[in-house]
Amino acid sequence: MGCAGSTPAKGDGNVKKIRKPKPWKQPQPITKSQLEQMREEFWDTAPHYGGSKEIWDALKAATKQDLTFAQAIVDSAGVIVQSADLTICYDERGAKYELPKYVLSEPTNLIREI
């Protein structure tokens, strides 16, 4: 007998709602252009860390969208979200994808360029 109030889990129960990352601070303040350079370098090299290029592409697309659209992207790509802020994810084959905070949000000490 099951619980009277239980409902079947969607899929395999690994669906986790994503959320904005917590505020964070870069050890050395950086400019927006430096942050963009770091992001570009990460995404250029990310597929070399293993996993599927398609999943890396989906994660990159998700990081550039609002939470609702990002959720749709990761769900449709079959990404298993371990950490709700997308810092740790897996694909359906078990490959791990780790995203640094700087690709997910801006640091609190970002230098605003004029």
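Each residue, glycine too, has its Cβ placed from N, Cα and C.
When pLDDT values are averaged over the domain 'DC-UbP/UBTD2 N-terminal' (16-113), the model yields 95. Sequence annotations record features per position, and here TrEMBL assigns domain 'DC-UbP/UBTD2 N-terminal' to 16-113.
Look at TrEMBL and you will find 1-32 tagged as region 'Disordered'.
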Within the domain 'DC-UbP/UBTD2 N-terminal' (16-113), residues counted as helix, strand or coil by DSSP: 43 helix, 10 strand, 45 coil
